[in-house]
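Feature annotation from TrEMBL assigns domain 'HAMP' to 204-257. Residues annotated as transmembrane segment in TrEMBL: 13-33, 184-204.
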Amino acid sequence: MAAKRPFSLATRLTFFISLATIIAFFAFTWIMIHSVKAHFEERDVHDLRQLSTTLETVLDHADYPQARRLEIVKNIIAGYANVFICLDDGQGNILFQSPNGPDLSHMLSTPGLAMQLRDGNVISWTDPQPRAMAHDNHPMETRAWRLIMLPLGKQADGKPAYHLLMALSIDFHLHYINELKAKLISAASIISLLIIAIVLFVVYQGHKPIRQISRQIQNITSRDLDVRLDPQAVPVELERLALSFNHMLERIEDVFTRQSNFSADIAHEIRTPITNLVTQTEIALSQSRSPQELEEVLYSNLEGVLADVADG
């Protein structure tokens with residue numbers, strides 16, 4: 001079974017350079033998307049903490065009755081179309097919950113989710129019952145939320161006076177990230193194709209000296225064994241190849257020269273005995289002899305020629 005032929009140098013170079021470039025582009029895309037996600041999360045948490053600080057200031061206003069404070073909280077939250085809250089009194093009793101939003105009180109009764117929230121973790125949560133909302137006057141289905149639970153105020157025993165659960169709609173962020181991801185992947189794919197084409201052209205141009213030296217070698221025949229490749233006319237990577245080829249030509253030329261000299265010597269050595277044989281045969285034929293005598297003369301002349309050749 002014939003051995004499988006290896007891939008060409010052009011194919012190898014194109015593959016590895018293109019692969020490295022494509023990996024770099026997609027790594028850049030991943031880093032870009034990850035950075036945008038981290039930025040959105042950091043910004044969302046910052047905005048929610050600022051809002052919680054505002055609400056804490058209102059709730060700590062002891063001059064107002066609780067009903068008045070909750071009314072102010074309601075008015076403040078009404079100004080945020082994509083933020084919903086659930087406020088309890090620190091004992092689990094719900095004091096206020098934003099209308100038309102996700103059921104945040106149900107989350108507090110879910111043990112695993114409530115524990116993560118009370119530990120201060122920022123959670124991304126998907127509502128199984130999406131709601132139709134508007135973002136910048138554009139209708140959008142809302143199902144993804146960023147949740148954070150913060151303690152507000154302090155009681156006499158040092159425990160939080162309130163627990164504020166906040167939910168921020170992040171569907172617009174996810175929509176933007178998905179569009180950005182699609183655009184980056186499309187751009188990376190197009191650029192990768194362009195890079196492959198450029199690499200093919202560059203590799204083709206880079207192999208031009210190899211093609212030139214191949215043509216020079218192909219044009220050398222047995223009559224041109226004195227031709228030599230110029231090591232200074234090729235790139236440094238091909239210099240050793242040119243020198244090795246020149247050495248090979250020198251050895252071949254030497255063999256051809258020796259063969260030609262040997263043939264000339266053989267012709268010179270044989271020429272004299274054959275001339276003698278022809279002369280002696282002509283002399284023998286010029287005289288009248290019987291067939292037996294002619295045969296003996298010819299055999300004698302032939303033996304003499306063979307002896308001369310052997311001695312030579």
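Each residue, glycine too, has its Cβ placed from N, Cα and C.
Per-residue confidence over the domain 'HAMP' (204-257) averages 84 (mean pLDDT, predicted model). In the domain 'HAMP' (204-257), the DSSP tally of helix, strand and coil residues is 42 helix, 0 strand, 12 coil.
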